[in-house]
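J.: Please see the structure below; I have some questions.
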Amino acid sequence: MSRFFTTGSDSESESSLSGEELVTKPVGGNYGKQPLLLSEDEEDTKRVVRSAKDKRFEELTNLIRTIRNAMKIRDVTKCLEEFELLGKAYGKAKSIVDKEGVPRFYIRILADLEDYLNELWEDKEGKKKMNKNNAKALSTLRQKIRKYNRDFESHITSYKQNPEQSADEDAEKNEEDSEGSSDEDEDEDGVSAATFLKKKSEAPSGESRKFLKKMDDEDEDSEDSEDDEDWDTGSTSSDSDSEEEEGKQTALASRFLKKAPTTDEDKKAAEKKREDKAKKKHDRKSKRLDEEEEEDNEGGEWERVRGGVPLVKEKPKMFAKGTEITHAVVIKKLNEILQARGKKGTDRAAQIELLQLLVQIAAENNLGEGVIVKIKFNIIASLYDYNPNLATYMKPEMWGKCLDCINELMDILFANPNIFVGENILEESENLHNADQPLRVRGCILTLVERMDEEFTKIMQNTDPHSQEYVEHLKDEAQVCAIIERVQRYLEEKGTTEEVCRIYLLRILHTYYKFDYKAHQRQLTPPEGSSKSEQDQAENEGEDSAVLMERLCKYIYAKDRTDRIRTCAILCHIYHHALHSRWYQARDLMLMSHLQDNIQHADPPVQILYNRTMVQLGICAFRQGLTKDAHNALLDIQSSGRAKELLGQGLLLRSLQERNQEQEKVERRRQVPFHLHINLELLECVYLVSAMLLEIPYMAAHESDARRRMISKQFHHQLRVGERQPLLGPPESMREHVVAASKAMKMGDWKTCHSFIINEKMNGKVWDLFPEADKVRTMLVRKIQEESLRTYLFTYSSVYDSISMETLSDMFELDLPTVHSIISKMIINEELMASLDQPTQTVVMHRTEPTAQQNLALQLAEKLGSLVENNERVFDHKQGTYGGYFRDQKDGYRKNEGYMRRGGYRQQQSQTAY
């Protein structure tokens with residue numbers, strides 16, 4: 001080093017081990033200026049030359065760490081900002097990546113971020129609670145990450161197939177590349193074993209916990225030692241504090257010189273330090289392996305697992321070793337477990353597991369069925385409480401456990417008739433182990449089954465109805481019905497009347513909407529035509545659904561003391577009658593129950609059931625050809641325009657002022673599952689066709705009547721919509737088919753009307769959905785012919801003097817007695833002014849109706865009369881007001897003076913002039 005910078009000493013300081021030259025403080029009198037003072041950090045730091053790879057990768061890891069922190073706090077906006085910066089940083093490191101390959105930690109963050117965004121996207125409840133910025137950022141970032149990950153699709157796929165290998169490779173690579181890395185980085189990119197166990201499962205056993213603790217301690221020691229080594233290599237001036245103090249006296253220029261080993265001794269010292277560091281690292285690894293081998297020899301065989309693979313959990317110890325398992329001990333442990341139920345932070349899955357283990361212990365120690373039944377009750381209740389949110393449905397595995405547990409409980413109750421369960425039994429009066437007396441357990445099996453039915457409904461409500469998953473869940477209904485039937489048999493023997501009514505209602509609710517195809521087939525096939533084997537099979541199948549519904553409902557009618565259960569039973573009974581085309585029984589039961597008078601006071605689920613029943617009643621009447629009854633039954637539902645909502649099959653779009661989020665959640669819980677839905681297009685088609693068959697003849701009969709009423713406003717609305725269209729093409733939708741058929745019927749063209757109502761498109765949309773589709777189509781053709789005949793006679797009666805009934809029969813393809821009957825009814829009801837000539841079989845028109853010209857003259861006269869009446873009324877009104885005003889002013893002129901006198905005089909003058 002040049003001696004230009006040294007003023008107070010001619011020799012170099014040999015006390016420094018690193019070989020750094022120390023110079024004394026310059027004499028102050030030479031320049032008269034103080035040297036530049038540096039902070040301690042600047043004094044102690046050393047300029048280190050780093051490779052471009054380290055710089056770029058460190059920039060990427062810092063951004064990844066920020067993204068992971070934002071993911072933890074659900075800050076999607078921050079994730080979006082950092083992801084954009086991450087993409088730019090990766091672009092800068094592209095040249096290095098091309099040489100070295102895509103780093104694993106970069107692939108990991110891309111895969112984790114995409115999974116995280118998909119999880120947020122599927123969480124509908126969480127999305128609703130997001131603020132506007134986060135929701136917008138979520139949508140934007142989800143699109144960007146999906147587009148960005150296409151370039152890394154193969155890397156991400158290989159990472160997801162074996163994430164453990166990726167973690168191991170990264171760990172080894174980090175150890176080789178950067179020996180000064182801390183455990184904090186590992187926690188950011190991966191999850192340590194201890195952290196994983198804390199997150200995923202309960203604490204491990206004692207030996208494994210000790211083993212993991214040693215590993216963590218070694219990591220901490222290695223971290224400290226590596227930091228110390230880095231400190232040693234960073235300070236090349238001295239090893240002692242005194243030498244550091246002396247080093248502070250170096251000249252200003254020497255502080256900014258880049259330190260590098262210039263002599264052979266310096267190079268040898270640096271190499272020796274590197275060798276010492278590698279040796280220490282090797283010693284640490286060997287020491288760790290030796291300790292692992294000792295643990296293997298002492299505590300059995302240990303298996304090294306890769307990061308991310310969950311350890312096999314050992315069964316928790318319920319009782320201390322050597323404890324005598326008695327009834328009191330088990331009940332005490334049960335109460336301890338139940339005390340944590342419902343508390344914040346309680347692991348519900350672990351609680352269920354503990355209860356199941358307690359059942360096994362009770363069974364192994366032969367503590368009796370009473371204790372097992374009590375624990376089973378609590379297991380089922382814990383399964384129901386697994387989801388604290390009412391809107392959340394049970395997971396499939398929990399649902400399966402629930403069904404199995406209820407079946408096991410019913411097996412025990414049927415196998416042990418001496419066990420009595422009931423919610424009126426106090427815990428103090430329970431008898432769980434005294435076999436000399438009947439066993440008494442507090443609990444209600446009916447409540448558990450009712451809750452099971454509610455959970456099944458929630459599962460069906462929250463499953464996509466068009467997926468295979470819905471079909472799989474629907475198969476569970478057979479198990480649900482079997483459990484309800486078993487509980488029904490049990491309660492018929494040991495339950496109260498109220499409990500029997502409740503379980504009967506559950507059985508009815510799972511039966512009323514199902515069409516009994518076997519019973520229907522037996523009705524179509526007479527007993528004489530069926531073989532003996534078929535008759536025996538029919539007898540073995542048990543009672544028909546009609547007989548079952550009759551028996552269950554009659555019991556409720558007679559025994560039930562609550563109006564709600566009886567009302568639901570009546571509505572289900574009517575629905576079942578209507579579904580099986582027993583129109584008169586369904587109608588009579590509805591009229592005798594008088595439900596339509598006070599149904600508005602019922603709760604919403606019962607009102608939905610009433611609406612469903614009325615709709616099914618109207619469809620039943622339509623199948624029987626009773627179009628007027630069908631129209632009246634469907635009028636209230638269809639005229640409101642809210643059929644979907646009234647039937648509990650969905651919500652209509654409304655403004656937020658009409659429904660808040662809480663109301664929307666409540667209404668969604670009231671929706672019926674998809675397999676109970678009534679086809680809304682079929683419902684509307686039945687209503688419009690019924691309205692067409694009623695409205696078109698009525699319009700033809702009262703064509704000249706300006707004050708005629710409308711039977712169906714919705715049907716007239718559809719007609720007006722069809723008339724407003726400037727260009728009419730072939731009908732496509734169901735409504736267009738009905739409108740086109742109505743126009744054809746208005747002209748008396750029944751064949752065209754028939755072709756619009758019954759064709760392949762309408763068959764696929766509507767008519768094939770009926771159980772007896774051919775019968776319905778035959779009925780429709782007959783009704784179209786009859787109503788077209790009536791419309792033809794109303795429209796063209798003024799044209800004919802007489803018309804032969806045979807001609808009408810041939811024209812509308814009806815037999816002569818039917819034509820005779822229709823015309824006779826029209827004459828009797830004074831709808832058609834004509835008479836029948838029996839010898840000639842002709843209809844003689846009386847021409848009492850005015851002609852078209854006379855109708856126009858009558859309409860003109862009526863309008864002129866109304867115009868005159870209006871003019872006279874207006875004139876009288878004006879005269880009365882003016883006269884009263886004049887008299888008041890005249891009176892004021894007589895009695896008052898001044899201004900009022902002058903005003904009255906002026907008005908009197910104007911009146912005289914007028």
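Yeah, the Cβs are placed from backbone N, Cα and C, and that goes for glycine too.
Residues or ranges marked as compositional bias 'Low complexity' in Swiss-Prot: 8-21. Per Swiss-Prot, the feature compositional bias 'Acidic residues' maps to 166-190, 217-232, 291-300. Among the features that Swiss-Prot reports, compositional bias 'Basic and acidic residues' is placed at 199-216, 261-278, 887-900. Taken from Swiss-Prot, the feature compositional bias 'Polar residues' covers 523-532. Under the heading domain 'PCI', Swiss-Prot lists 674-850. Sequence annotations record features per position, and here Swiss-Prot assigns phosphoserine to Ser9, Ser11, Ser13, Ser15, Ser16, Ser18, Ser39, Ser166, Ser178, Ser181, Ser182, Ser910. According to Swiss-Prot, the N6-acetyllysine annotation covers Lys99, Lys644, on the basis of similarity to another entry. Annotation source Swiss-Prot lists phosphothreonine at Thr525, citing similarity to another entry. The feature region 'Disordered' is assigned by Swiss-Prot to 1-44, 157-302, 523-543, 886-914.
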J.: Can you give me the average pLDDT across the domain 'PCI' (674-850), rounded to a whole number?
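T.: Reported value for the domain 'PCI' (674-850) is a mean pLDDT of 88.
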J.: Which of the listed modified residues (Lys99, Lys644) has the least company, meaning the fewest other Cβ atoms within 10 Å of its Cβ?
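T.: Counting other Cβ atoms within 10 Å of each of the modified residues Lys99, Lys644, the minimum falls on Lys99.
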J.: When you measure from the Cβ of Thr525 (phosphothreonine), which residues in the chain that are at least 6 apart have a Cβ under 8 Å away?
T.: none
J.: Can you tell me whether DSSP puts Lys99 (N6-acetyllysine) in helix, strand or coil?
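T.: Its secondary structure by DSSP: helix.
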J.: Per DSSP, Thr525 (phosphothreonine) is which: helix, strand or coil?
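T.: In three-state terms, Thr525 (phosphothreonine) counts as coil.
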J.: To the nearest Å, how far is the Cα of Lys99 (N6-acetyllysine) from the Cα of Lys644 (N6-acetyllysine)?
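T.: So the alpha carbons of Lys99 (N6-acetyllysine) and Lys644 (N6-acetyllysine) sit roughly 63 Å from each other.
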